[in-house]
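**Student:** Pasting the feature list from TrEMBL:
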- 18-219: domain 'Glucosamine/galactosamine-6-phosphate isomerase' (DOMAIN)
- Asp63: active site, proton acceptor (ACT_SITE)
- Asn129: active site, for ring-opening step (ACT_SITE)
- His131: active site, proton acceptor (ACT_SITE)
- Glu136: active site, for ring-opening step (ACT_SITE)
Amino acid sequence: MKIIRVQDQIAGGQTAFSIIKDAMEKNKLNVLGLATGSTPLSLYDQMIHSSLDFSDVVSINLDEYVGLPAENKQSYHYFMQEQLFKYKPFKKNYLPDGLAKDADRECKRYDEVLATHPIDIQILGIGQNGHIGFNEPGTPFDSLTRKVELTASTIEANQRFFEKKEDVPTHAFSMGINSIMQSKQIILLAYGKAKAQAIKAMIEESANENCPASALQHHPEVSVIVDHEAAMLLETK
Ligand SMILES: O=P(O)(O)OC[C@H]1O[C@](O)(CO)[C@@H](O)[C@@H]1O
């Protein structure tokens, strides 16, 4: 893993953006894997205010809440529309369908999307418990897209986006760890001290399923972009 320390979230977004820009200029970006949460917002801001044209690029998102329609303001469809897609049109945007009646079928459909469109660069945030996508601690490293139950800590962390805790969905469709590992290149972003423990476990503890992000130790091309707080527990200075 390549650790890139930055001053703050804005500098992190600029750094991630320059990697994306470089890939586009070399015609090496056909499929971009996207994430939700507050972490990638400074990157999306850079993309929106750039002259880059994504209309030949396919986007694939990591996850979506089960039970929320695309029009729901808390859905990841809505989030992506508001934070990026309405400003920067892509060739096609793929997200899991939160309203899919047949979960197994929806997961199979998504795995087929991933097989047809191998991800060139995957953007990731990280949960305080080390989750990537909605792959919570204990998720097998060989997992593919599936319906997952969210942990109490993730529901707690995401509560800030909802009026009340009861409104936070309890399940999501998420690409698996193995699906994420198939990406040719990965950029993981983390800011703030709430992420410090997860960043330490991901980088300095031996890879194990208690920290889903630690699977990335086995990936050949990962850039971890961290601010000082997220990096504060790292021994490697
Ligand atoms: O960027 P945030 O809001 O801290 O969220 C961290 C992680 O949690 C999720 O939003 C899911 O809970 C991920 O998509 C994200 O990577």
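Placed from the backbone N, Cα and C atoms, the Cβ positions cover glycine too.
Map the listed features onto the structure and describe their local environment.
**Tutor:** Take the CB of Asp63 (active site, proton acceptor) and look out to 10 A: across all protein chains shown you find 24 other CB atoms. DSSP assigns Asp63 (active site, proton acceptor) to a strand.
The secondary structure of Asn129 (active site, for ring-opening step), as reduced to three states from DSSP, is coil rather than helix or strand. Sequence-distant neighbours of Asn129 (active site, for ring-opening step) (same chain, six or more apart, CB under 8 Å from its CB) are Glu136, Pro137, Thr151, Ser153, Thr154, Ala198, listed in sequence order.
Long-range C-beta contacts of His131 (active site, proton acceptor), restricted to its own chain and to partners at least six residues apart, with a cutoff below 8 Å, comprise Pro137, Thr139, Thr151, Thr154, Pro212, Ala213.
Secondary structure at Glu136 (active site, for ring-opening step), taken from DSSP and collapsed to helix, strand or coil, is coil.
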**Student:** Restricting to the domain 'Glucosamine/galactosamine-6-phosphate isomerase' (18-219), what is the model's mean pLDDT?
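**Tutor:** Over the domain 'Glucosamine/galactosamine-6-phosphate isomerase' (18-219), the predicted model scores a mean pLDDT of 96.
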**Student:** Around Glu136 (active site, for ring-opening step), how many other CB atoms lie within 10 A of its CB?
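**Tutor:** Its Cβ shell of radius 10 Å holds 21 other Cβ atoms.
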